[in-house]
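J.: Residues or ranges marked as [4Fe-4S] cluster binding site by Swiss-Prot on the basis of sequence analysis: Cys347, Cys407, Cys410.
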Amino acid sequence: MGKTLYHKLYNSHIVYEQNNVTSILYIDLHLIHEVTXPQAFNSLRLKNRKIRQPKKTFATMDHNVPTHNRDIKNSEYMAKIQMEELSKNCKDFNIKLYDINHPHQGIVHVLGPEKGMTLPGMVIVCGDSHTSTHGAFGALAFGIGTSEVEHVLATQTLQQNRLKTMNIEITGNINPMVFAKDIILSIIRKLSTSGGIGYVIEFSGSVISQLSMESRMTICNMSIEMGAKSGLIAPDIITYNYLKNKSYSPKNKYWNNAINYWNTLKSDKNAFFDKKISINISNLAPQITWGTKPDQVISIDEPIPNIDSLKMFLNKNQLKNPLLYMGLKPGEYLNNLVVDKVFIGSCTNSRTEDLRAAANIVQNTHVAKNVHAIVVPGSGMVKLQAEEEGLDKIFINAGFEWRLPGCSMCLGMNLDRLKPKERCASTSNRNFEGRQGRDGRTHLVSPAMAAAAAIFGHFVDIRKI
């Protein structure tokens with residue numbers, strides 16, 4: 001029997017195995033940020049332990065950083081403390097830090113790939129659930145808790161059980177104004193937020209092979225929203241072209257050796273998957289969430305389902321809270337729903353490709369009077385590239401705020417937040433209650449959909465503008 005990509009990655013990193021179920025895996029890359037790292041470092045100090053492989057650990061500030069300016073003195077108390085602690089810890093333990101004033105600082109899941117830290121064949125961990133993003137490169141990447149962060153720092157290993165495997169084959173034609181965000185939202189709707197629990201999901205098919213690395217990262221980024229441990233896409237020529245000449249990518253003869261190895265990182269034709277799903281997206285329309293879970297999704301031209309038709313809920317009462325929270329009703333269409341704020345950013349959709357898609361919508365237009373719209377590049381490198389292309393001017397001239405890199409309004413841990421009852425068109429990954437601010441209402445959409453909502457002042461079907 002052949003092996004899946006997941007099993008090839010897992011097996012090649014086993015340091016110690018017990019009963020063919022639980023293994024200790026070697027960790028190739030450990031990414032850290034200011035929120036989940038402080039307690040781990042404090043514990044190392046208490047136990048008088050050193051970091052096993054400091055050069056395989058990289059840090060950045062992203063969750064708490066202010067995006068208006070770089071003065072952390074204006075940040076809230078806990079955010080300020082966490083950033084100061086990360087700076088001190090990285091200095092004390094000799095860890096490379098892309099701090100708040102570094103020109104390449106950015107969201108950890110944007111920074112890692114664009115610097116070439118993320119490479120095919122690796123096992124990658126970070127104290128952040130959206131570490132699954134890096135699986136787009138054919139790496140086994142997953143989020144870990146703070147106690148596990150400490151363990152990896154101390155040993156460069158981590159105990160992991162073997163997981164089940166799922167293959168989602170995506171076929172068909174990608175329609176105009178349909179993006180990777182729409183594809184993954186539609187898949188989450190189909191599988192639900194629990195459909196991937198206990199699995200590593202490998203995405204494949206003719207659609208995946210056409211996607212850029214930025215789009216593949218969007219797909220893998222949100223695999224966690226199905227409950228999956230990680231998402232995977234086998235590396236190919238698109239992967240290699242993206243990685244070539246990156247700061248940490250192999251160089252010269254090592255590059256050729258790497259390509260030879262990376263070419264083996266694909267599931268064998270006779271590999272067994274515990275579950276296989278095939279999805280044709282030829283009829284897919286732009287997607288939008290209507291509730292408070294990422295699987296509460298509809299097409300922009302589709303009404304919110306009636307209670308009786310929602311099989312994902314065990315009883316009708318379970319639907320009342322999200323609709324009440326969002327101020328919506330069953331049967332309602334969202335294509336004229338007024339928005340208060342628009343957020344284009346996050347580790348899901350803050351790369352140059354995402355900003356181009358949004359800029360293409362807003363060029364020679366202006367943000368509606370009722371809307372406050374911000375664009376937050378995912379990193380300093382993304383910001384620089386966008387400015388070289390003139391994207392910043394397109395956004396600024398259209399009435400958007402052009403911000404500094406950071407996680408920003410994806411989560412209410414910094415100064416960018418929704419006020420109670422404010423409705424936001426957001427390119428982020430989670431629409432939980434209070435995620436973007438207390439009592440804020442979040443609708444997940446693609447960058448193009450968010451940009452259009454900013455211009456019209458309400459959601460629209462971007463295929464018709």
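Here the Cβ of each residue, glycine as well, is placed from N, Cα and C on the backbone.
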J.: Note the Cβ centroid of Cys347, Cys407, Cys410, the recorded [4Fe-4S] cluster site, then list each other residue of that chain whose Cβ lies within 8 Å of it, in sequence.
T.: Asp62, His63, Ile107, His130, Gly345, Ser346, Thr348, Ser350, Gly406, Ser408, Leu411, Ser428, Asn429
J.: Under a three-state reduction of DSSP output, how is Cys410 ([4Fe-4S] cluster binding site) classified: helix, strand, or coil?
T.: helix
J.: Could you work out which of the binding-site residues (Cys347, Cys407, Cys410) has its C-beta surrounded by the smallest number of other C-beta atoms within 10 A?
T.: Cys347
J.: What three-state class does DSSP give Cys347 ([4Fe-4S] cluster binding site)?
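T.: Where Cys347 ([4Fe-4S] cluster binding site) sits, the three-state DSSP reduction gives coil.
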